[in-house]
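S.K.: I have a structure here, written as structure tokens, and I will follow up with some questions on it.
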Amino acid sequence: MALGNHSTITEFILLGLSADPKVQALLFVLFLVIYLQTLIGNLMMLLVIRMDSHLHTPMYYFLSHLSFLDLCFSSATMPKMLENLLSQRKTISVRGCLAQVFFVFDTGGTEACLLSVMAYDRYVAICHPLLYGQKMTNKLCKGLAWGSWGLGFLDAFINILLAISLDFCEDQSIPHYSCELPSLFPLSCSDVSINFTVLLCSSLLHSLATCVLIVFSYTVIVSTILSIRSSSGRSKTFFTCSSHLTAVLLFYGSAFLRYFIPNTGSPLELISSVQYSVVTPLVNPLIYSLKNNEVKAAVRRTFTKYLQYFRKLTTEDDGELVYWSKIFWFGDNQRIS
């Protein structure tokens, strides 16, 4: 059934973060800068991990998926928010709203799964270091990463399939800057009890399953760290997982406030939504780069390689130019035979 056939209205009004034009102008500049920094930071992480052979390990493989997820997560909501901050009619079509709901749900659910997978990776690396290469095989890493994408898609698909059948009546106003499933329920003149139950059950199962794996992993990790005799050894070991733990607390803390508190359009609700859909994608690459010596060294190597490549563009030796092109695009391990 076409979306327009079962909706008595064709668009929603997004009330956003403020009705004051001056505040909206300031917010536009602020969120534009945040969005550009999010794009640059996550694209840089993807480029560095792809090009530097030292980062071709399970942890950075998962981190590359996380960076791509953060790009998708922020791009699902921020372009429309920026558009509405500058426009007089802050509207979004019903189709566009449901599409936004799907992508927010999909990327958010996938990120929750991926963070639990990364916790398991840290558990194996710290608690079973001698077996790390045997346990975290290339096949297993790909299965865990794509399994996270599959579970996130399935969760989003089930919820959006039920949301498509809803009828929306008189009230068009969403007290938010983006479309999210809890915000649509009060606008529907259909019975949303099944939708609400499915959303609650799927969110609880998804969050509990991933949280249990994360809590279990870090419980064993902390126990292992405390058993290390030297204080320097304990600090060094804890430092290897501190970046991931920070990302977990940021994501789960704000997502919990957004989806498990009453949908009232309160300032706390808006702040928590901005926290997990805007701020988290921005700070994740900063957390993993500023606190990680391996990433900082890889960034230096990548930019050095970048400069070497463009210096070679002026050479007359075509064979050498092809060689450096291979190095630039495919990394150190791809050489001409």
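Using N, Cα and C of the backbone, Cβ positions are placed for all residues, glycine too.
Nobody curates TrEMBL annotations by hand; they come from automatic prediction.
Not measured: the values here are computed from a predicted model.
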S.K.: Between 66-88, 204-226, I'd like to know which one TrEMBL lists as transmembrane segment.
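M.R.: TrEMBL lists transmembrane segment for residues 204-226.
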S.K.: Please find, within the list 93-110, 183-200, 273-290, the residue stretch that TrEMBL describes as transmembrane segment.
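M.R.: That would be 273-290, per the transmembrane segment entry in TrEMBL.
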S.K.: Taking all residues of the domain 'G-protein coupled receptors family 1 profile' (41-288) together, what is their mean pLDDT?
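M.R.: Here the predicted model's pLDDT, averaged over the domain 'G-protein coupled receptors family 1 profile' (41-288), is 85.
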S.K.: Is the transmembrane segment (25-48) packed against any residues at least 6 beyond its ends, judged by a Cβ distance under 8 Å, and which are they?
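M.R.: Cβ under 8 Å, 6 or more out: 17-18, 55, 63-64, 67-68, 70-71, 74, 78-79, 81-82, 85-86, 278-279, 281-282, 284-286, 288-289, 295, 298-299, 302.
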